[in-house]
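First the structure, in the form of structure tokens, and then the observations on it.
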Amino acid sequence: MNLLVVFLSFTLLAVSSANPLAKHDEDADLTVPELITKYGYPAEEHHVITEDGYILTLHRIPHGKNPNKSLGKIAFLQHGVLSSSADWIITGPSHGLGYILADEGYDVWMGNARGNKLSRNHTSLNPDKDSQFWNFSWHQIGLIDLPTMIDYVLEVTNQTELYYIGHSQGTTTFYVMTSMLPEYNAKIKAQFSLAPIAYMNHMTSPLLHIIAFWTGPLDLLLQLIGINEFLPSNEFMALVGDILCGDDDITQILCSNVLFAICGFSPSEMNATILPALMGHTPAGASVMQIIHYGQEVISGGFRQYDFGLGNWDHYHSWTPPLYDLSQITTPVYLFYSHNDWLAAEQDVLRLCKGLGNACAGKFIVSDNGFNHLDYMFGIHAPEYVYNRVISLMARH
Ligand SMILES: *[C@@H]1O[C@H](CO)[C@@H](O)[C@H](O)[C@H]1NC(C)=O
Ligand SMILES: *[C@@H]1O[C@H](CO)[C@@H](O)[C@H](O)[C@H]1NC(C)=O
Ligand SMILES: *[C@@H]1O[C@H](CO)[C@@H](O)[C@H](O)[C@H]1NC(C)=O
Ligand SMILES: *[C@@H]1O[C@H](CO)[C@@H](O)[C@H](O)[C@H]1NC(C)=O
Ligand SMILES: *[C@@H]1O[C@H](CO)[C@@H](O)[C@H](O)[C@H]1NC(C)=O
């Protein structure tokens, strides 16, 4: 087992090209705006530059099929780690939250965090050559990208507030933003956390356990070989597929995708028709530091800033990283979680709710025992189990 762990950990950082197992399908090659317009909805693409030079892409569905049905309200959607704005529309009009909210009358904006393939650009750094481009974790996404995108959306629409819906890292970054920059609470009417991630020490993902176990050495390795993009090699993913997954076609395809290998999946929730499109758009990229920062959460059990080890003193004037102060969050937050989620464990979600105090406005467990971390995006029953409730709660704020 130990040798395996070493092998897995070190091949993890090897750079590779696209996943060869990904099957091809027209939707896999279409861009997000092309997909949206293909299904008869209006689409816009916007770019915004952060104070540290990252060029971020936002996608917008300004209204649904009936342009007259407009609430004049904004729904801002933020994806999880290794994902992108494609998450919200890839399952098509009857299942994708982007379309569903647009048809409800919302002006839908979908962000992209620095480093994913839609925001893999910078005013002066080259992501293929400059390590410094990848010198960020989800801390910077929460502290810089989210406020930049939110301010841009409010400016373009001439509004003062929006609804925020986040999945996984899209929730972590929200807690970072509102705890570090409490003035942003006033810009969010309500926040909906799908598979909330703040505390992680009860998570059960085997692959993330392996990564977390090696977080210290990985961090050292990082200092030796340079800060980089998280790109597991094909050999590594094939190995993970063989070890962690069964051998029917669908599980093999899913397991060969690092996102699904980390998060798991429920075969009963997976619509095989959308698989080729899904494989074409995920994984969408991230930095190694983002993954290590999550590994640190698993080990430390705290919701805290990046652990630089001996470098903590230089960064924080403290030997341990500062905690994110959840008591600064005043936006009403609704937590959606499920028993089969490999990353957002029930105990960790309940601890988060406690930490949020009065801001924890409601928590809902998905009753289906098979519902997993990625089913909030891709699951056949996501509208029935989750989105319908989100929409009715939005109407209350
Ligand atoms: C929207 O409203 C306009 C004018 O009120 C009307 O002509 C048009 O048919 C409506 N469109 C739809 C799809 O209901
Ligand atoms: C699977 O996806 C296809 C294509 O988006 C869709 O037409 C079909 O209704 C979906 N099936 C289920 C069971 O959701
Ligand atoms: C990156 O941004 C620059 C503008 O600074 C633009 O000219 C270029 O096309 C962008 N590259 C990509 C791959 O989007
Ligand atoms: C990464 O950024 C930090 C500032 O956040 C800086 O102190 C550090 O030197 C950078 N590391 C590299 C390798 O560029
Ligand atoms: C923006 O909204 C304010 C009220 O909130 C209004 O007074 C102003 O005219 C609006 N500006 C534009 C350009 O629509």
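Indices start at 1 and increase along the chain as displayed.
Any Cβ shown, glycine's included, is placed from N, Cα and C.
Because the structure is a prediction, the values reported are computed rather than measured.
Taken from TrEMBL, the feature signal peptide applies to 1-18.
Taken from TrEMBL, the feature domain 'Partial AB-hydrolase lipase' covers 32-91. Under DSSP, residues within the domain 'Partial AB-hydrolase lipase' (32-91) fall into helix, strand and coil as 11 helix, 20 strand, 29 coil.
Counted within 10 Å of its Cβ, the other Cβ atoms near Ser168 (active site, nucleophile) come to 28, all protein chains included. Taken from TrEMBL, the feature active site, nucleophile applies to Ser168.
TrEMBL lists Asp341 (among others) with the feature active site, charge relay system. DSSP gives Asp341 (active site, charge relay system) a coil state; it is part of no helix or strand.
The active site, charge relay system feature in TrEMBL is assigned to His373 (among others). DSSP assigns His373 (active site, charge relay system) to coil in the three-state reduction, outside any helix or strand.
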**Fill in**
Between the C-alpha atoms of Ser168 (active site, nucleophile) and Asp341 (active site, charge relay system), the distance in angstrom, to the nearest integer, is 11
**Asked** Near Asp341 (active site, charge relay system), which residues of its own chain have a C-beta under 8 A away, given they sit six or more steps off in sequence?
**Response** Ala195, Phe371, Asn372, His373
**Request:** Give the helix, strand or coil assignment DSSP yields for Ser168 (active site, nucleophile).
**Result:** coil
